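All remarks here apply to the structure that follows.
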């Protein structure tokens, strides 16, 4: 009888395609892509990338994938590279294309799962560079529960716009959206808009502020799914090539140690990610995406967890869209490890969580020994921007299933205003351009939820235009859709239940009074219950926008934003 061993099998799946007489044809196919007799005993590692030439966010991934493959080879594995899709939110914003953004997250996760399962690959390095590809890759890792390492493409460098008054201004993509609103109100010349347009994207990399991509890259590092320190360096920085090679080596080592994604993606790891997002004042999309990743990891995570962590973790980072700095500044002062060490020292992080290094969070940080916060980009705990986190979870009569607001940068906790109701975003944009939205209004944009939109479009075009028009602190916008990571101002999203499901937002009318209390975490429609019941009598939801194709399928499958808008 053969002696049993606890040594993990380095080929737990790929033996299905390499071993035995019956796999002669499969081996013949694999020989054609470079495998030989010496490779059959090597673990096969999928190197999945969302590289494309549509958006600068992903341009570095082809180069980084090669580095990952080099690392896999060096560690004794055999890499197998394949691609998946990616949608540019910056290009698809403000028109029909944005309906297809969030669904791309599901397509990415599904496509990676499909290839990994069909080809029986043993582990994966997952590379992504923009908003939906990051959570899509992490969802795939959680769903597959194999040895997996995530690698971010890196952020873009800020551009410098030379304006007509002779000044120079550091700009990112969000400045372009805000310039549109300013120009429409006569507050900026077309020449300055053109100067900003030409400067915002000086090269490759994801949008440079603490927008969704950088927020999710920071969250991935906090989760333990990417190498420590790998989130912050810019896309053009050659340190990324080193991280790529080490990521390839790390996944083979995870196989040797029998560590899979769900060993890392525990409830405590998600609390770490939430804490880092709160401290950075990151994108509200992180709520949606972390809920979805947790769902795939079979971890029970709810909006209450975000609220609980947010109440005890202070907002420490002065970063865009509401602050002064970008991700390259975070990198300059030591990267995400600076924030993590600050939180760990305060008892606000779980130091015993396992990571892709095979070490714990605390061990990684002790090895790196990051510097203390610089006091400008990241403040000390005793000098926070705000004593609670940069995202607030809301509930109340207008959002009984929950809602989300980026409270980072709020000047006042309470806003009470008069409803201006619009079915879908375009009508609201028209009203703003006509000058009929004024201070004190609550702009309600409904039928933009995951199912009703469909696709839960980001509202950056309208929010940036409101800010550019000088109304950012005087107009509250709320929607069952969502917002870009670049959104600032009085913006409440993810209102649940959504309008198409008969949530209270469906029954708001022009002239209703609405009250937001950020400190109390409440969002209320100040209308008598009896009146709301009368409004429901003859209500019918808007008909589906799409009856064929991917969004028709998505409409039938997608769940509420309050549980991550997952498709099960």
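Just so it is clear, glycine is given a Cβ too, placed from its N, Cα and C backbone atoms.
Quantities reported herein were computed from a predicted structural model and do not represent experimental measurements.
Binding site for [2Fe-2S] cluster per Swiss-Prot: 57, 207, plus 130 from the candidate set 68, 130, 183, 201. Together with 89, 131, 132, Swiss-Prot lists one candidate of 458, 498, 528 for binding Mg(2+), that being 458. Taking Swiss-Prot as the reference, the stretch among 1-22, 23-44 described by the feature region 'Disordered' is residues 1-22. A sphere of 10 angstroms centred on the C-beta of residue 130 ([2Fe-2S] cluster binding site) encloses 29 other C-beta atoms.
When the alpha carbons of residue 207 ([2Fe-2S] cluster binding site) and residue 484 (active site, proton acceptor) are compared, the span between them is 11 angstrom. The [2Fe-2S] cluster site is defined by 57, 130, 207, and by the 8 Å test on Cβ atoms against their centroid, the other residues of the chain that qualify are 55, 56, 58, 88, 89, 90, 129, 131, 153, 156, 205, 206, 211, 213. According to DSSP, the compositional bias 'Basic and acidic residues' (10-22) comprises 6 helix, 0 strand, 7 coil. In the three-state DSSP scheme, residue 132 (N6-carboxylysine) falls into the coil class.
The Cβ of residue 57 ([2Fe-2S] cluster binding site) has 86, 88, 129, 130, 153, 156, 204, 205, 206, 207, 213 as same-chain neighbours under 8 Å, each 6 or more residues away in sequence.
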